[in-house]
Ligand SMILES: NC(=O)C1=CN([C@@H]2O[C@H](COP(=O)(O)OP(=O)(O)OC[C@H]3O[C@@H](n4cnc5c(N)ncnc54)[C@H](OP(=O)(O)O)[C@@H]3O)[C@@H](O)[C@H]2O)C=CC1
Ligand SMILES: CC1=C(/C=C/C(C)=C/C=C/C(C)=C/C=O)C(C)(C)CCC1
């Protein structure tokens with residue numbers, strides 16, 4: 001367990017991707033400031049994390065089973081911990097709306113929205129009693145600006161943004177900080193595999209024109225964007241570490257400067273038309289020409305607006 005003076009950091013979704021890198025990075029902190037509780041649904045999937053943590057495993061890293069969709073599992077895990085900080089996870093969903101069942105959509109909300117809320121609800125009373133704590137929620141740029149064919153995933157992230165906006169105000173009086181991390185594309189195995197799977201799949205229920213836009217235009221651009229400007233899970237972990245260690249952590253933390261202008265565009269026009277038209281032009285007219293390289297993204301997202309991100313360096 002944690003030594004006195006060590007912060008206990010609870011991280012969900014540590015079997016892969018961003019959660020795994022965050023757990024390993026914080027557990028290997030040179031000054032040993034953190035005791036990390038790395039959680040995952042199935043502890044049989046612990047090997048990659050154990051390997052990434054090296055010597056820290058068993059010292060500054062311990063493991064616990066946790067399914068954010070289960071009240072019992074969340075309670076059982078939290079019951080064993082004294083001091084708590086929370087990061088949250090996701091599952092993805094992309095494709096034409098007509099081809100996605102309500103059941104699949106519910107699963108996304110159950111994990112991304114109610115999973116986050118369930119975790120926060122469980123740790124909040126202790127944090128309020130202690131008058132201190134830091135809740136770090138993994139949102140996404142898609143929680144601020146939706147991206148075509150990501151309707152349901154973006155809706156789940158928008159929900160969490162609204163939830164945290166009001167919570168942050170309420171918790172201010174209790175000295176509890178809420179921080180949202182807003183990554184753009186991150187190159188995880190999961191993401192690339194999901195895009196490849198979706199490419200092969202039929203889209204039952206969707207009309208041919210929509211399927212063409214989705215597969216031949218959106219997916220190609222999305223793959224290019226992931227390859228050209230996607231960050232690594234390690235870069236996101238570094239950003240999160242900076243947010244944890246900041247003396248006054250920000251509420252919203254974009255991690256990829258190339259996405260700040262896209263978010264700024266949204267706030268520049270309260271009618272929302274500017275974003276709708278700009279995204280339409282970027283994808284359907286400019287997309288096939290520009291091929292979404294880093295240069296194209298820099299050109300599209302005019303440099304002067306690219307500041308105020310939390311940089312991984
Ligand atoms: N990758 C990207 O491009 C971006 C990701 N994000 C956000 O970052 C976060 C992590 O994503 P990423 O690392 O890419 O994804 P991964 O798919 O690599 O990791 C997701 C993790 O969530 C876990 N998980 C899934 N369902 C549950 C559940 N019910 N209870 C507990 N754990 C669960 C999985 O573990 P297991 O299946 O072993 O239980 C897995 O470890 C998400 O919130 C995502 O929305 C934000 C912006 C971009
Ligand atoms: C910027 C941009 C695009 C794609 C953005 C993507 C693919 C973002 C992915 C973000 C992720 C994966 C967030 C996870 O939470 C389009 C629509 C192709 C064209 C217009 C410009």
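Placement of Cβ uses the backbone N, Cα and C atoms for every residue, glycine included.
Keep in mind that TrEMBL annotations are predicted by a computer and have not been checked by a curator.
Because the structure is a prediction, the values reported are computed rather than measured.
These come from TrEMBL:
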type     : residues       : note
ACT_SITE : 153            : active site, proton acceptor
BINDING  : 13-41, 67, 157 : NADP(+) binding site
BINDING  : 140            : substrate binding site
Legend entry - Structural state of residue 33 (NADP(+) binding site), classified by DSSP into three states: coil
Inset, instruction - May I ask which of the recorded positions 21, 25, 29, 153 have a CB within less than 6 Å of any atom of ligand 1, listed in sequence order? - result: none
Legend entry - Cβ-based isolation winner (fewest other Cβ atoms within 10 Å) among the binding-site residues 13, 17: 17
Inset, instruction - Provide the number of Cβ atoms within 10 Å of the Cβ of residue 37 (NADP(+) binding site), excluding the reference atom itself. - result: 26
Inset, instruction - Among the recorded positions 17, 21, 41, 140, 153, name every one whose Cβ is found under 6 angstroms from ligand 2, counting any of its atoms. - result: 140
Legend entry - Residues near residue 29 (NADP(+) binding site) in space but at least six apart in sequence (CB under 8 A): 60, 241
Legend entry - Residue pair residue 21 (NADP(+) binding site), the residue listed as 'substrate binding site' - Cα distance, angstrom, rounded: 17
Inset, instruction - Within 10 Å of the Cβ of the residue listed as 'active site, proton acceptor', how many other Cβ atoms can you find? Include all protein chains, please. - result: 23
